[in-house]
Structure formats: structure tokens, C-alpha cells
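A.B. asks: What follows is a single structure, and I will ask about it in a moment.
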Amino acid sequence: MSQGAVADFGLIGLAVMGQNLILNAADHGFTVCAYNRTVSKVEHFLNNEAKGKSIVGATSIEDFIKKLKRPRKIMLLVKAGKPVDYIINDLLPHLEKGDIIIDGGNSHFPDTNRRYEELSAKGILFVGSGVSGGEDGARYGPSLMPGGAEEAWPHIKEIFQSIAAKSDGEPCCDWVGPAGAGHYVKMVHNGIEYGDMQLICEAYDIMKRIGRFTDKEISEVFATWNKGVLDSFLIEITRDILAYDDVDGKPLVEKILDTAGQKGTGKWTAINALDLGMPVTLIGEAVFARCLSALKKERVLASKHLTGPEIPEDAVKDKKQFVDDLEQALYASKIISYAQGFMLIGEAAKTYGWKLNNPAIALMWRGGCIIRSVFLGEITKAYRENPDLENLLLHRFFADAVIKAQQGWRKTVGLATTYGVPTPTFSTALAFYDGYRSARLPANLLQAQRDYFGAHTFRVLPEEASETLPVDKDIHINWTGHGGNVSSTTYDA
Ligand code: NBP
């Protein structure tokens, strides 16, 4: 192993992500120092994958620090949670003011906020960076979403933008914003990923159960869709998964237990949406769909007791029209999901006092990551035209697309409902669309109910104001004649 401060960049954590990111950085001309808690993995890495590349190894934290050029740039790619704190604590006694620690794991943004505060107080520049793209992305170009101490950005910009994926020649990496903003944006990215995946699964289920398509036929539909507006990584892998046969010549996917796992980032997004009061319904439904899938035993039992409509063999008369409608349903629902995701990001910026860069966020997701798609190019364009766009659905391109798609979308949701095929994300997207475009919703009645049983008060429509119903005043009515006239300030229902 070489001596002295030779490395431009240090990386701790030699599991799948860390090793591949180091190789990627070395390919781009940077000298990287590698370290891992289980030190034997360093030696193994140097003698195998890293052989012949500009990669050095360290046998201890002290040795690691000595090998880094100042200011030290140290990236952690270890299991999220306590391990990140343990390593930071091990590093701290050896660092100087101005050194940079980057957490590239899937950390929850409140943890990143806390680490940012604690390390800022010690003069250490802390960056929380979303990294997406899995093993392949880390090796050949991930999407990188860094946020935190902005003074760190000029020092890491070159390496980050060199190793990141490129979309039309532009790096899918830019500065996101302060404190935990990078990990926040990665969290929403993962939430959107949950939504995209569930939408695709519903499309597959509709084709299978109502259209009676074989897996090969469904694969062909996805192949066609991948050449149009839905062109994306997830559609592409779905095409390949459905075409993949087991050794007996039968589709492997049909042998997989229908119980979805989850690591929590979708749930974090849904919880945060509830905390911020944002109707991010599609991600919420996608998380709940995984929860319902996990109740396999109960579902099998229920399937024997709870009946639904029969699906006749000829439920689909015009297969081409059926597939076209489904494509429109998927496209429109996806637009709703991204509009909801950006609504959440916008609200987070306001609530947490972050200045976020929407066009850069869309560009970061355009390539390298799991939700990469041609469609994100349109979102980047929309936010570049108007970075303060109130809502993606109010941009002409997306408004026109949804309006045009709605006929097929409504037919698809109607068909699924008629034949009892569950479409939680298609349906919630449509309900959101209809709610969002309604100048008047039935919340007037809801306010009346709240006032009736809890004296929660209501406001009147300006055009209906009168002497007894004054405008801009909280009004309580004695609805029954025997209640009191005191309004409530405490009980919320
Ligand atoms: P893992 O999440 O499997 O973590 C393994 C690494 O963490 C090993 O280097 C291990 O060291 C280290 N580690 C653990 Br476990 N506990 C430690 C501790 N107490 N102190 C020091 N090191 C500790 O690795 P990964 O799949 O490469 O993911 C790395 C990060 O990137 C995670 O946060 C993950 O969520 C995120 N991420 C992963 C992907 C993906 O596709 N895998 C994609 C995007 C982001 P050891 O060798 O000594 O056990």
C-alpha cells in the first residue's frame, strides 16, 4: 500500500455500492483510498477488482486519514442508521476544520439534519447525498443528490459530476440544498419509485386478468410502450422480467411469492406527506399495496369467502384499444404521481426553509437512477421554463397530456372496477385529478358536521356573506337549538 497523502477522495464501506463507486471514481482519473470496518475486505478488494487502478487501501482509520489530501473528502457507503454515527465518531478525533464527510447511504433526512448541525458546530462540512442506480449505477454513473454544507460543494463538485450519469451530456448531479435536503430528495425519489412500480404491476394485472394476455404478450406490450412516452428503466426491466423463463420453460415471475418487501423509504415519504399535509396519495397507496400483499395468508382465506364479479373470457373485445387505454392510464397516473412528489418537495422547502432547485432535481432523476425516464426530460424542461411553477399539472405540456389521456384512463379504471381487479394507484391518481380540478369540493358539508358536533366553526363563501354570516369570521351555529354558543379551540376532528 502506498504512503503519504496521495488520495483525492476516501471511501469507507466496501460492500456493493462502495466498491463500485470507487472503481467509477478511479476510472475518471481520481486516486481513491478505500477502507472498511472488516479490514480483510480492503486487502481482498485491492488484490482483485481494484488491481491496477488508482486505488490505495488503508488498514486503520489513522492510516486512512493520513492518505487523504486536504481538505479531506470522505464518503461513507455503509448501512444506514447507527453505523454512520459510529464511523463519524471514529473519524472525528483525526479530522481538521474544513474536512468533508459525505454520507452516501440511504439515511433518513432527520438524521442528516442532526448530523449536519452537530458537525457544523465542530467545523466539519457534512454532506448527505442521495445515491441511486444500484450496483450498475454506482459503477457506471449513478444519480447523485448532494445537500448539506454548501461550502463543501466546490471541493466535491468535480468528482461528483464526473462519476454521475449523464443525460444529453449534462451530469445527473447538482447541489440540492441545505442540511438534509439531499437525503430528503432521495427519499421522495424512492417514494416515486414505489409509485411507478405499483402502477406497472397494476397494468400487468389488468392485462393478465381482464385481457387474459400471456406473460410473453404482456412483455411485448411493455416493449412497445418503452418506445413511446413511457420509455423508462422500470418499463424496460419489466419487459425483460416477463420474457424470462425458468428452466422448465415457464415464466419465472409466475413462480414468485406475491408478498412485497420494503425497506422504509416509501413509508418515510408517505409519513412526511401526512406531516406536511400534502395529498401525496399515489405513493401512500403504493406503500399500502405492499402492506396488503404481505397479508398473504389472510388474503388466501378471504379469497374463499369474499366473492367478486366473474371476468368473462371476452371481457376485452378490442385488444388494441384496451392496450392503448391502459397506456394512457399509466401515463396520466405517472404525471399525477410526479406532480404530487414535486408538491411535497415544494412544501418541504417552505416548511424547512430550504431553497431547492427543482429543474436540477428533475435532471438528477433523468438518468442513472431507478426512476430514470424520457418523461423526466419533459419535467426538467417545464421547471427550466418556470422554476417557480405552482404545480406540474398547471404546465401546458402536462395539462394537455392528462386531458388527452383521461378518456382511456377513466375507461381502464372503470373496467378494473367492474371486474374487481384492484387498482389502488390508478384509482387514487384519477380521484386526485378530479379533486384537484374541482373548484368546489364537499368540504362545506364536512365543516358543517365539524361545527355541529364539535363547535369547530366555519367560514362562509364571500359571495354568500350577510349580516348574520359575516365574511372572514369564524362562525359557530347552534344547529339543534339546544347546544351552546361557545366555539371550540381544542378538539380537532
Ligand atoms: P450495506 O447497506 O449492505 O452495508 C454494508 C457496509 O456497511 C459494509 O461495508 C459493512 O462493513 C458496513 N457496516 C455495517 Br453493516 N455496520 C457497520 C458499523 N457498525 N461500522 C462500520 N461499518 C459498518 O451496503 P450497500 O448495499 O453497499 O449500501 C451502502 C449504502 O448505500 C446503504 O445505506 C444503502 O441503503 C445505500 N444504497 C444502496 C443501494 C443498493 O442498490 N444496494 C442503492 C442506493 C443506496 P463490514 O464489511 O465490516 O460488515
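Cβ from N, Cα, C; glycine included.
The shown structure was predicted, so the numbers you read here are calculated from the model rather than taken from an experiment.
So TrEMBL has the following annotated:
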type: ACT_SITE; residues: K186; note: active site, proton acceptor
type: ACT_SITE; residues: E193; note: active site, proton donor
type: BINDING; residues: G13, L14, A15, V16, M17, G18, N36, R37, T38, V78, K79, A80, N106; note: NADP(+) binding site
type: BINDING; residues: N106, S132, G133, G134, H189, N190, Y194, K263, R290, R450, H456; note: substrate binding site
type: DOMAIN; residues: 182-480; note: domain '6-phosphogluconate dehydrogenase C-terminal'
A.B. asks: When the Cα of H456 (substrate binding site) is compared with the Cα of each of the recorded positions A15, N36, K186, which one is closest?
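C.D. replies: Among A15, N36, K186, K186.
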A.B. asks: Any idea what the Cα distance is from the residue listed as 'active site, proton acceptor' over to G133 (substrate binding site), rounded to a whole Å?
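C.D. replies: Distance (Cα to Cα, whole Å): 11 Å.
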A.B. asks: Can you tell me which of these binding-site residues sit near ligand 1, meaning the Cβ is under 6 Å from at least one of its atoms: G133, H189, Y194, R290?
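C.D. replies: With ligand 1 as the reference and 6 Å as the Cβ limit, the list is empty: none.
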A.B. asks: For each of the recorded positions (K186, R290), count the other CB atoms lying within 10 A of its CB, then report the residue with the highest count.
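C.D. replies: Per the Cβ count, the most surrounded site is K186.
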A.B. asks: Relative to the Cα of A15 (NADP(+) binding site), which of the recorded positions G133, E193, Y194, R290 has the closest Cα?
C.D. replies: G133
A.B. asks: Can you tell me how spread out the NADP(+) site is, meaning the largest CA to CA distance among G13, L14, A15, V16, M17, G18, N36, R37, T38, V78, K79, A80, N106, in Å?
C.D. replies: 21
A.B. asks: Could you round the CA separation between M17 (NADP(+) binding site) and G133 (substrate binding site) to a whole angstrom and send it over?
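C.D. replies: Cα-Cα distance, M17 (NADP(+) binding site) to G133 (substrate binding site): 10 Å.
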A.B. asks: How far is it from N106 (NADP(+) binding site) to H189 (substrate binding site), counting Cα to Cα, in Å?
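C.D. replies: Approximately 11 Å lies between the Cα of N106 (NADP(+) binding site) and that of H189 (substrate binding site).
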A.B. asks: Given the binding-site residues A15, M17, which one has the fewest other C-beta atoms within 10 angstroms of its C-beta?
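C.D. replies: It is A15 that, of the binding-site residues A15, M17, has the fewest other Cβ atoms within 10 Å.
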A.B. asks: Select the most exposed residue of T38, N106, where exposure means the fewest other Cβ atoms within 10 Å, treating these as the binding-site residues.
C.D. replies: T38
A.B. asks: If one measures from the C-alpha of R290 (substrate binding site) to the C-alpha of N36 (NADP(+) binding site), what distance in angstrom results, rounded to a whole number?
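C.D. replies: N36 (NADP(+) binding site) has its Cα 34 Å from the Cα of R290 (substrate binding site).
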A.B. asks: How many other Cβ atoms are found within 10 Å of the Cβ atom of H456 (substrate binding site), counting all protein chains shown?
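C.D. replies: Counting Cβ neighbours of H456 (substrate binding site) within 10 Å gives 20.
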